[in-house]
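Notes follow the structure.
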């Protein structure tokens with residue numbers, strides 16, 4: 001398979017993923033749909049990864065994978081001991097609504113397919129042009145499916161409030177939307193780093209289309225009633241623009257991307273000061289832009305769910321009130337946890353909407369420490385690879401900031417099985433590392 005064939009098959013795989021996502025955003029309370037598209041996406045990804053493996057010198061399994069497997073095993077043990085319910089086992093690990101393994105593997109497969117672009121371009125610079133132009137076509141097709149989804153859902157909007165009449169299942173749809181734009185952002189950043197100073201007009205046009213897509217997705221998140229989705233996609237948009245701006249200025253680009261970056265460099269030293277300055281300027285610009293849009297279009301603030309909810313209780317207030325249940329649930333089994341502790345104590349579904357706290361209550365200190373050690377070791381591994389230094393450093397900065405943003409959202413308002421979090425882990429902490437090259 002030549003470079004062009006691999007690139008074409010990759011974008012077809014990505015498009016199947018997008019269509020699967022949008023089909024599930026549309027059908028909010030109808031369960032999983034378009035499973036055939038998901039199966040095709042998995043099969044194409046596996047085929048492309050197998051192609052890499054055949055050509056590879058080595059395939060490495062990262063040490064952090066052992067901790068990840070241990071975490072999954074511990075979840076299985078807790079489900080077995082606490083419920084003996086095979087349906088809960090499927091729901092937590094393998095379902096297409098929130099299975100931790102399903103979405104980790106999906107993120108892993110898509111990332112392994114995408115990372116091979118770096119190897120293709122490093123071997124033949126001419127392949128970059130093919131990637132850039134096919135990406136432009138791809139982002140236009142993505143725009144079509146996104147707009148089609150918006151047009152489908154907007155028909156059910158309320159007259160008094162910018163949300164659908166029936167928002168049951170909205171968090172599931174929002175999770176799919178978030179996963180889509182985690183990947184779309186990562187794909188663009190890969191291509192932007194690979195192109196560097198080349199194909200500026202095409203890259204700029206593609207970026208503008210992507211940003212408009214993200215703005216539509218933010219509005220769509222509010223339409224389906226998800227503040228979580230709107231805030232997360234806004235953060236992804238902010239980060240994508242931040243990296244784009246940093247790459248556009250040579251001084252920033254040199255300091256941030258062209259030397260062997262260490263984790264502490266992002267928080268201390270010259271690189272961090274450049275990064276903080278960019279973040280501050282962009283944040284102020286975002287706030288001013290949002291304010292001007294609301295004033296210009298005469299948008300009433302209280303028509304959006306993020307500012308108001310039924311009964312006058314803000315969504316954030318309702319989240320905070322769930323913290324009253326923490327001590328009651330945690331005291332049931334502090335060390336080992338109980339997977340159905342909310343059902344046994346304060347009522348089914350009354351768990352604290354916080355990834356860290358829900359780990360403590362449902363999996364205890366044992367599950368919590370396995371999870372945290374996995375993240376720490378994964379970050380250590382992220383900063384080991386020094387191949388393709390400019391691209392690698394750019395991805396390190398992007399992945400670190402992306403993790404901080406998405407994980408902050410998870411800590412503020414989601415259960416530990418939140419599918420975008422596990423999809424993100426698959427994208428930025430892949431279990432496998434394929435050392436690409438010609439097999440001897």
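Placement of Cβ uses the backbone N, Cα and C atoms for every residue, glycine included.
The transmembrane segment feature in TrEMBL is assigned to 5-22 (among others). If one looks beyond the transmembrane segment (5-22) by at least 6 residues along the same chain, the residues whose Cβ comes under 8 Å of a Cβ in the stretch are 34, 37-38, 40-41, 44-45, 47-48, 51, 106, 110, 113-114, 116-117, 120, 127, 130-131, 134-135, 137-138, 141-142, 145-146, 148-149, 176-177, 179-180, 183-184, 187.
If you look up TrEMBL, you'll see 34-53 (among others) marked as transmembrane segment.
If you look at the transmembrane segment (65-81), the same-chain residues 6 or more away from its ends with a CB under 8 A from one of its CBs are 88-89, 92-93, 100-101, 104, 336-339, 362-363, 366-367, 370-371, 373-374, 377, 425, 431-432. Annotated transmembrane segment per TrEMBL: 65-81 (among others), in sequence order.
Residues or ranges marked as transmembrane segment by TrEMBL: 101-121 (among others).
Look at TrEMBL and you will find 133-154 (among others) tagged as transmembrane segment.
Beyond the transmembrane segment (174-195), the same-chain residues lying 6 or more positions past its ends with a Cβ under 8 Å from any Cβ of the stretch are 14, 17-18, 21-22, 24-25, 98, 103, 106-107, 110-111, 114-115, 117-118, 121, 128, 131-132, 135, 142, 203, 206-207, 210, 213-214, 217, 220-221, 224, 226, 228-229, 232-233, 236-237, 239-240, 243-244, 247, 257, 390-391, 394-395, 398, 402, 406, 418-420, 423-424, 427. The transmembrane segment annotation in TrEMBL covers 174-195 (among others).
Listed as Cβ neighbours of the transmembrane segment (202-224) (distance under 8 Å, sequence separation of 6 or more from its ends, same chain) are residues 25, 28, 132-133, 135-136, 139-140, 142-143, 146-147, 149-150, 153-154, 157, 162-164, 167, 170, 173-174, 177, 180-181, 184-185, 188, 191-192, 195, 230, 233-234, 236-237, 240-241, 244, 304-306. Marked as transmembrane segment by TrEMBL: 202-224 (among others).
The annotation transmembrane segment is assigned in TrEMBL to 230-249 (among others).
Annotation source TrEMBL lists transmembrane segment at 275-297 (among others).
The transmembrane segment annotation in TrEMBL covers 356-377 (among others).
What TrEMBL lists as transmembrane segment is 397-415 (among others).
With Cβ pairs under 8 Å as the measure, the transmembrane segment (101-121) is packed most heavily against 34-53, out of 34-53, 230-249, 397-415. Long-range Cβ contacts of the transmembrane segment (133-154) within its own chain (Cβ-Cβ under 8 Å, at least 6 residues beyond either end) map to 7-8, 11, 14-15, 18-19, 22, 25-26, 164, 184, 187-188, 191, 202, 205-206, 209-210, 212-213, 216-217, 219-220, 223-224. The list of residues near the transmembrane segment (34-53) in space but at least 6 beyond its ends in sequence, with Cβ under 8 angstroms from a Cβ of it, reads 1, 6, 9-10, 12-13, 16-17, 19-20, 23-24, 59, 96, 105-106, 109-110, 112-113, 116, 434, 436.
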